[in-house]
Amino acid sequence: MSNARADRDAVRAQELAAEQQYLDTLYEKLDALREETAQRLKDTLRDSGGPPQARTERDISARMYTDKLSQLSAVEHGMCFGRLDLDSGETFHIGRIGLFDEDNEYEPLLLDWRAPAARPFYLATAAARDGVRRRRHLRTSWRKVLDYEDEVLDLDAAEQGSDLGLAGEATLLARLDARRTGQMQDIVATIQAEQDRIIRAGMNGVLVVQGGPGTGKTAVALHRAAYLLYTFREQLSKRGVLVVGPNETFLRYIGQVLPSLGETGVLLSTVGGLYPGITATGVESARAAEIKGRASMVDVLTAAVRDRQQVPSDHVEVTFDREPLRIDRATATQARTRARRTRRPHNLARRVFRDEMFRALTLQVADRLGRDLLDRRDLDEINVELRADPAVDRALDELWPETSPQQLLDELLSSPELLASASRKHLDDAERAELLRPAGSPWTPADVPLLDELAELLGEDDEQARAERERQEREELAYAQGVLHIMEQDEEIADEERLRVKDVLDAELLAERFRARSDLTAAERAAEDRTWTFGHVIVDEAQELSPMAWRVLMRRCPSRSMTLVGDVAQTGALAGADTWHEVLHPYVQDRWKLAELTVNYRTPAEIMDVAADVLAAMDTDLEAPKSVRTSGHRPWARRVGDLAAALPGAVAEELREVEDGRLAVLMPPELLAEVGPRVVESLPEAAMGTSPDDLDSPAVLLTVEQAKGLEFDSVLLVEPAAIAAGSERGLNDLYVALTRATQRLGVLHTEDLPEVLRKIG
Ligand SMILES: Nc1ncnc2c1ncn2[C@@H]1O[C@H](COP(=O)(O)OP(=O)(O)OP(=O)(O)O)[C@@H](O)[C@H]1O
């Protein structure tokens, strides 16, 4: 061994030992914090009984300590992943949380990656050093330092960066090459500069992040959620953050990222999951979903609601007080006009309609009895009697019934007459036939925006409930102020080291907590409340949402503080977007910002080369993102005679190639239904992908729609010609399918390959 090499090795060993020592100190600190928090939690839970204030105080403290404990355990793995050496001679270690040395004026021992001082770790380059001399990436396993990678940024010793300007290239490539597990991992140790700028962009307004497959849009969206919660904690803990994904499998795939960053207060949901009490499990044709997603459905639903506001063709008669009572067309029309003029939702305007009708009917009865003989009190009495009469009530209900979104939509979609009447101007016969289904059919995801819209159009006649709620809220606020006051005086709580309740809560928030359950987070409460509005909304695969789904999300976010990430080249849903302009113009005109991601961290260059041809064949100006790496595996294609017979063997073969990684078999839905069960039967490692947990299987069989946003070590694409021809957006689907693999791509086909795949053939 040369002397120079021996010297380098000795320095490396020394540096590793020093880093290990530092890491040991950090973990000691973490352990001490955990113990202290666990002890406080125990003490809090041990106390029992006492007046309600004391119980509420305990609930809140327990929640706080539980959250803290789960945050402290979530950061265990990879807690510290970097170090900055500054020109000033200072060094900072960077990690998943901030740790401080209380015995030394709260000097930072570990900087939270989201703190402003940690930012150069992601942004500094040799050309713009920002005072950074050296950036070090630490590779650890549990509590052990395995290795490090240094980037020396000062000009004299600057390393040549890569063409794409990647930071910590070796560390990044090691991460990207790792086998996939079926669960997305966080990227906190290797966030790249173009991603960091998006993660830390300001919270106001709508930010659209457009990027090709594998550019880290999902990763960026989730890290942005964590960053915003850290930076605007006070604001966001009250209203919460909503992250919207395309389906349950995707939510399961990304579900671990935020907890691993120590954040649990985020509601992850599909649009279909945003209507409390409804589980949208029904399946329908892509065309039916597209029709339901059109903006014109607002007019159809409005008409359907108006159709519930009837007048008699001439008159109806009911018996009141043993005499016939006439409800005539003119009176009912006038009452209906007055009620509609209030512009209130149907169930609230109903009250006006009924008031008008009861007034008219009272006069009719009064005339019968001789109006001149009656005074005001007599008239009031008649009015009260009319209101209490079941026959009159029924007759008026026929004309203007109280109804729920569920009831109205179910009736509308199962009645050819009602649907025809409401959609005369907007749908043709074939479209209506596509929507019609038996009454009581299960709800589909595309029904949910319609239900939400109807909930707005119908309203809830909750005048009494609201008055009661407001009274309770006033009482709770006063009570919460009292609790805070008592807590402040409590000597034990005023203990210096302990976070005082007042530091994390104000009376309003405390009152809000009493209102729901005292131990629920904003996200949990939001999940139970259709009218909840969020502090920030993040939408992933945003290109898939229909105009009706956007209306739901915009209602949930009146502040328009939103991050929308997606790729209009990957739109598969027929009601999805072709441009971001068309999505946003109705809500914010041109007042939205666009950020682009250009580097593909997932798909190796060999596969991207093929996918780029598909993108080029679509009518878009978008460029394919550049892959950061090659995998050494050329995509392959094999023509077979009998697909059902060949598939199990091909899957087994590919499984051997990926060893303990993950394989996806992607195919058109009809084919999946036909041959999928046979594959699953003959291969215990394979699953059908019907439940989110199926991602844990070594091989999973999916449609392209189901695979959206996911990634696998290897992809076996079956019958691409049928995928390309399967819908108006068939090329987009093919593009999505091709870009799911991190290592290998194989194609199995019976039909000719589409022309755009000529590079594989
Ligand atoms: N800076 C990074 N460091 C490490 N891994 C990264 C980085 N950026 C992205 N990745 C990884 O690249 C892969 C693709 O990221 P992600 O799924 O977020 O891409 P996407 O743009 O949402 O893709 P798609 O449009 O196909 O859904 C993931 O495995 C992600 O962890």
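Cβ coordinates come from backbone N, Cα and C, glycine included.
Unlike curated records, TrEMBL annotations are generated automatically.
The ATP binding site annotation in TrEMBL covers Gly211, Gly212, Pro213, Gly214, Thr215, Gly216, Lys217, Thr218. In the three-state DSSP classification, Pro213 (ATP binding site) falls within coil. Just so you know, the Cβ of Pro213 (ATP binding site) picks up 25 other Cβ atoms within 10 Å once every protein chain is counted.
The domain 'UvrD-like helicase ATP-binding' annotation in TrEMBL covers 190-604.
Across the residues of the domain 'UvrD-like helicase ATP-binding' (190-604), the predicted structure has a mean pLDDT of 88.
The 10 Å shell around the Cβ of Gly212 (ATP binding site) contains 27 further Cβ atoms across the protein chains shown. DSSP classifies Thr218 (ATP binding site) as helix under the three-state reduction.
Within the set of binding-site residues Gly212, Lys217, Thr218, Lys217, Thr218 have a CB atom less than 6 Å from some atom of ligand 1. Within the same chain, residues at least six positions away from Gly214 (ATP binding site) with a Cβ under 8 Å of its Cβ are Asn600, Tyr601, Arg602, Thr603, Pro625, Ser627, Glu711, Thr739. Sitting within 8 Å of the Cβ centre of Gly211, Gly212, Pro213, Gly214, Thr215, Gly216, Lys217, Thr218, and not among those site residues for ATP, are the Cβ atoms of Asp567, Leu597, Asn600, Tyr601, Arg602, Pro625.
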